[in-house]
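Here's what Swiss-Prot has on this protein:
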BINDING   Arg20, Glu21, Leu22, Lys23, Lys114, Arg517, Cys518, Trp563, Glu607  5-methyltetrahydropteroyltri-L-glutamate binding site
BINDING   Ile433, Gly434, Ser435, Glu486, Asp601  L-homocysteine binding site
BINDING   Ile433, Gly434, Ser435, Glu486, Asp601  L-methionine binding site
BINDING   His643, Cys645, Glu667, Cys728  Zn(2+) binding site
ACT_SITE  His696  active site, proton donor
Amino acid sequence: MTPQAFTATVVGSPRIGPKRELKRATEGYWAGRTGRAELEKVAATLRRDTWAGLAAAGLDSVPVNTFSYYDQMLDTAVMLDALPERARQVSDDLDRYFAAARGNSDVAPLEMTKWFDTNYHYIVPEIAPTTKFALNPDKVLSELKEALAQGIPARPVVIGPITFLLLSKGVDGAGAPIERLEELVPIYAELLSLLADNGAQWVQLDEPALVTDMCADAPALAEAVYNKLGSASNRPAIYVATYFGDPGASLAGLARTPVEAIGVDLVYGPDTAVAAVPELAGKTVVAGVVDGRNVWRTDLAAALDKLTTLLGSAARVAVSTSCSTLHVPYSLEPETDLDDALRSWLAFGREKVAEVVTLARALRDGREAVADEIAASNAAVASRKSDPRLHNDRVRARIDSIVASGSHRGDPAQRRASQDARLHLPPLPTTTIGSYPQTSAIRKARAALRSGEIDQAEYERRMKKEIADVITLQEQLGLDVLVHGEPERNDMVQYFAEQLEGFFATQNGWVQSYGSRCVRPPILYGDVVRTHPMTVEWISYAQSLTDKPVKGMLTGPVTILAWSFVRDDQPLADTANQVALAIRDETVDLQAAGIAVIQVDEPALRELLPLRRADQDEYLRWAVGAFRLATSGVADSTQIHTHLCYSEFGEVIGAIADLDADVTSLEAARSHMEVLDDLNAVGFSNSVGPGVYDIHSPRVPSTAEIAESLRAALRAVPAERLWVNPDCGLKTRNPDEVSASLKNMVAAAHEVRAGV
């Protein structure tokens, strides 16, 4: 059967629901408030509405199997029967799935890390020597049948075998998972046959790993694998999707295989990639010309120019997003506070689908058919270029002056001596990363302030009570360096964005970070200006309640960029320095208020690292420079902390050392302290706090378990440089879990401290 050609599609779509319905349903299930039937009903409704909306908008190929209760890599591990043995002990299939993702009282969760250079986190499959791959196609077949029954032109989407293995982790003495690629090819061939038998005309196999340098043999592997899969006698047409950058030599390799379509990211990859591969002349090129991971409106005229150049290089050209719209909010419609100019510059998920359809129509019927849409796009482009909010001469001049004079602090040993004399901390000092649980009282107060039920003064009174409670709790637990708990902050980036010029904070711009965790990235559209202190009053109040040091808590410039939708009209380095200047001014004001410890978090340092090694040094140069610009305005006696989240730390370990923070805390529990060896390898000599327990899991670690982690850390870090802290902030945990875990952490620190 000849597959029906398609002209307009998207790589994938969000699954959390336009009002975060899936978040509420899964959290209700985890808490035991609702049952499986209720959860599955919500999921089915979300799938139905998503598919219907995409088809109604004009897509003639709709991705399915992009829904997930937690994560698509975990879904693929289930499909390949590759869950670890410890999770298999759970008899119920859904509870087994969630145990692998989140852990429970008996099962440690799988590791979690960033999905390429995005802020989405995926669950890392473990491939052991005992892992026996086998096909479990129930989910993908079920969703295909659902969609076809609904009359949807459905295209199942599955993570491809190369990407699955390159993003998995070998355990228990296993070699690199990619060494087992040959075992997966017949399983994928079996899947293709089942999909064809159940009515799929097309299948999309996602291979974003091909745009990275993760495997030098990737181009050859891609050609070999897709030659075999493309030669299968019973299969749908195959569309191999690459995204997040340039597939390089893999593009030509794929073009030499029998697959029918290849997706290319023409937003984050070069426009010339397709023209350089003559073998594409017989293929459908799925052209990712609409940015799937940022919120700026597409310049339709420029995108059409790109598409037109492709027409002579491919048998067919289909229009698509550059990647899944999982990474952007659902729609601009709820954003009623947007001014007309800013609104005209933006496109969220629904608007991006409309852009794809418009561009496909222009290719089919000519530019005249979409003349009004092109005119509106041109007007938005012109409006954005001329808006005065995009340029502040004073900020730019200050940055130039500071950078020219150098952004360096004093000698680390001298700083440590000065800080020791000021702080008088014991060996293995205990602390937490920053946030404490956002209680129902906090959320109610925030909602009451928004609705006008309470005024700002009453809101501040309630937040100060929360701060006082957190300070009291920490003193009772015996922590050494305290935090104020951040009750006043809705989000560690949005809180600052709401107080800085150049940002717009959305009302409903939610995107998935991991599992049920959703974030609302602000939009950074203009030059960044700090007009007033943002945290000093809250931190000073917390410090007034205790004789122990309270950390000032700030978010670093790279993380603010990584977790925002950032302007694309100037280099990221320039924008990072503008944010860094605002943070620098805040650190100076905190120091003037008597705060002796200031934490500038950079959990997303690894996130923005370019996927190709050739581009990485330049990024790390300006990322480190921005952090130093933010932190070099304080005295040697002020202790600067930073915190970094799950990532492949080894790739940026030199940059972590170059940040030159006095204390660096890192997520390390799930990866079993592996990062400490990496730090030692680059001669890291400042203090470090490797996370001693995993806060992403609801399980409470025992004192013995934490003590064991501390002793493991002491084998790599001397006691005088080792701090004791959880993996990350505690915002998403419940208060009982936090108290029990921290009690055990402090007890473990005392136990180990006695022996050093």
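Keep in mind that glycine also has a Cβ here, set from the backbone N, Cα and C atoms.
Annotated features taken from Swiss-Prot, shown on the structure.
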residue: Leu22; record: 5-methyltetrahydropteroyltri-L-glutamate binding site; Cβ contacts under 8 Å, 6 or more apart: Arg15, Ile16, Val42, Ala43, Leu46, Tyr69, Ser516
residue: Gly434; record: L-homocysteine binding site; Cβ contacts under 8 Å, 6 or more apart: Val483, Glu486, Met492, Lys551, Met553, Gln599, Asp601, His643, Gly729
residue: Ser435; record: L-homocysteine binding site; Cβ contacts under 8 Å, 6 or more apart: Val483, Gly485, Glu486, Arg489, Met492, Gly729, Leu730, Lys731
residue: Cys518; record: 5-methyltetrahydropteroyltri-L-glutamate binding site; Cβ contacts under 8 Å, 6 or more apart: Ile16, Arg20, Lys23, Trp510, Val511, Gln512
residue: Cys645; record: Zn(2+) binding site; Cβ contacts under 8 Å, 6 or more apart: Pro603, Ala604, Glu667, Cys728
residue: His696; record: active site, proton donor; Cβ contacts under 8 Å, 6 or more apart: Arg102, Pro109, Met112, Tyr514, Arg670, Asp727, Cys728, Thr732
### Query
On the Cα atoms of Ile433, Gly434, Ser435, Glu486, Asp601, which are listed as binding L-homocysteine, what is the maximum pairwise distance in Å?
14
### Task
Taking the Cβ of Glu607 (5-methyltetrahydropteroyltri-L-glutamate binding site) as the centre, count every other Cβ atom within 10 Å, in any protein chain shown.
23
### Query
Just checking, which of Arg20, Lys114, His643 (binding-site residues) has the fewest C-beta atoms within 10 Å of its C-beta?
Arg20
### Query
Once the chains shown are all counted, how many other Cβ atoms turn up within 10 Å of the Cβ of Glu486 (L-homocysteine binding site)?
25
### Query
In Å, rounded, how far does the Cα of Glu607 (5-methyltetrahydropteroyltri-L-glutamate binding site) sit from the Cα of Ile433 (L-homocysteine binding site)?
19
## Note on the structure
If you measure between the CA atoms of Lys114 (5-methyltetrahydropteroyltri-L-glutamate binding site) and Ile433 (L-homocysteine binding site) and round to the nearest Å, you get 19
### Query
Around the L-methionine site (Ile433, Gly434, Ser435, Glu486, Asp601), what further same-chain residues have their C-beta within 8 angstroms of the site's C-beta centre?
Thr432, Val483, Met492, Met553, Gln599, His643, Gly729, Lys731
### Query
Should Leu22 (5-methyltetrahydropteroyltri-L-glutamate binding site) be counted as helix, strand, or coil on the basis of DSSP?
helix
### Task
Taking the Cβ of Ile433 (L-homocysteine binding site) as the centre, count every other Cβ atom within 10 Å, in any protein chain shown.
26
